[in-house]
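Q: Dropping a structure here in structure tokens format, bear with me for questions.
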């Protein structure tokens, strides 16, 4: 019981916050008139037995949903972001638009289902209040649309794609504006979808009234209901798709090109090496949020780069999070000597001549290339001045000698493939001679015959 009281108290507190704004009183006034009009239309639908008037009444119910959305939008502008809702409450507007359009589409599907049943057995339609109800609904719908500024639906109607009804009317409008140029400001580039659906529904009801009065053709009422339901569904569907994509935190398609251009400009800034893990999405209608990781050089100024990146992206992305981190080459530079044997013959194994030795007690071993030198800036080997030696294992066209195993009791040292790997009586002795294992506990690797009589040793003590 206390929980219900607390929820009711919070709702009452938020309603008082909305009611403190004078613009909200106009919304509440039109909402009351809309409820009164909807009640009268529903009674007339029952008395006339008209399915077309029922379908048109659903547009009046949609106007009530749009007024509620307008109240939510007014409340959102008064609320500030909190620790729980760091992006604010703008997504409530998106949710209200999505729910309103989906509910009206469900109503249109219900009309289609009832109309199919009425086609089987068409009842008689009374036209006494059919025309009166049409004009009353049209008047209140247009009055609500033109008197109350509905920011969420105004944005969605412009940002969403055109409905099939708008496309057909736009084709007719271009032809008409060619004859009467003064109508181009009203009809082009496309009409307001809500005004268009109300005008089209009223025209359909007027045609229904005339056909029933003249020819007593009652089936046209059901056909008119199907037409109004299809027009309603086709008008609301693009808005549902657009608001649904916003709820799914997708990047708007019409902004992708601008974002790509800005990201290319950011990647060319001084000190910027890479822009990665970028993600941009719409928090609310007209509000874009984004985050990105920017990798910069080690000698670059983080604050300066951050300021430049922010200045480039903020005009398009209102809520921006940028993480700056420097290049990840954080290992200290290695020091060592690199020497090459000048004589064509290889020195004996175990001698210190003709070897380049790099030692470190705490760093991982680095790969050295033949004839390479360490770059003091990157700690990586530079490219050799001469091409590396070629190795071939059983390549066609080359004379490869087979390996001859020694006879029992006979000890010999025979290189295999010119790699300096020797075979002797004791494998441990061979490893010691080659420098693969040393009694001192260190690890050494001797490579002989890598080209031009050069010998290198990489030791890790």
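Glycine residues also receive a Cβ, built from the backbone N, Cα and C atoms like all the rest.
Sharing the feature lines straight out of TrEMBL:
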TRANSMEM  25-44  transmembrane segment
DOMAIN    28-248  domain 'Cation efflux protein transmembrane'
TRANSMEM  56-77  transmembrane segment
TRANSMEM  89-110  transmembrane segment
TRANSMEM  130-148  transmembrane segment
TRANSMEM  194-212  transmembrane segment
TRANSMEM  219-239  transmembrane segment
COMPBIAS  337-352  compositional bias 'Low complexity'
REGION    337-357  region 'Disordered'
COMPBIAS  369-383  compositional bias 'Low complexity'
REGION    369-411  region 'Disordered'
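Please situate the listed features within the shown structure.
A: Listed by sequence, the residues of this chain that lie at least six past the ends of the transmembrane segment (25-44) yet keep a Cβ under 8 A from its Cβ atoms are 19, 53, 56-57, 60-61, 63-64, 67-68, 70-71, 74, 129-130, 132-133, 136-137, 140, 143-144, 147-148.
Tertiary neighbourhood of the transmembrane segment (56-77): same-chain residues 14, 17-18, 21, 23-24, 27-28, 30-31, 34-35, 37-38, 41-42, 45, 88-90, 92-93, 96-97, 99-100, 103-104, 107-108, 111, 133-134, 137, 140-141, 144-145, 148-153, 197-198, 201-202, 205, 228, 232, 284, selected by CB-CB distance under 8 Å and a gap of 6+ residues from either end.
Only residues 6 or more beyond the boundaries of the transmembrane segment (89-110), in the same chain, are considered here, and those with a CB under 8 A from a CB of the stretch are 55, 58-59, 61-62, 65-66, 68-69, 72-73, 75-76, 79, 151-153, 156, 229-230, 232-233, 236-237, 239-240, 243-244, 246-247, 283-285, 287.
Among residues of the same chain six or more beyond the transmembrane segment (130-148), those with a C-beta under 8 A of the stretch's C-beta atoms are 26-27, 30, 33-34, 37, 40-41, 44-45, 48, 50, 53, 56-57, 59-60, 63, 66-67, 70, 192, 194-195, 198-199, 201-202, 205-206, 208-209, 212.
Here the transmembrane segment (194-212) has long-range neighbours at 50, 52-53, 55-56, 59, 125, 127, 130-131, 134-135, 137-138, 141-142, 145, 153, 157, 165-166, 169, 218, 220-221, 224, 227-228, 231-232, 235, meaning same-chain residues at least 6 beyond its ends whose C-beta is under 8 angstroms from one of its own.
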Q: Which residues of the chain, 6 or more past the ends of the transmembrane segment (219-239), have a CB below 8 A from one of its CBs?
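A: Answer is 50-52, 54-56, 58-59, 97, 101-102, 104-105, 107-109, 111-112, 114-115, 118-119, 122, 125, 153, 156-157, 160-166, 193-194, 196-197, 200-201, 204-205, 207-208, 211-212.
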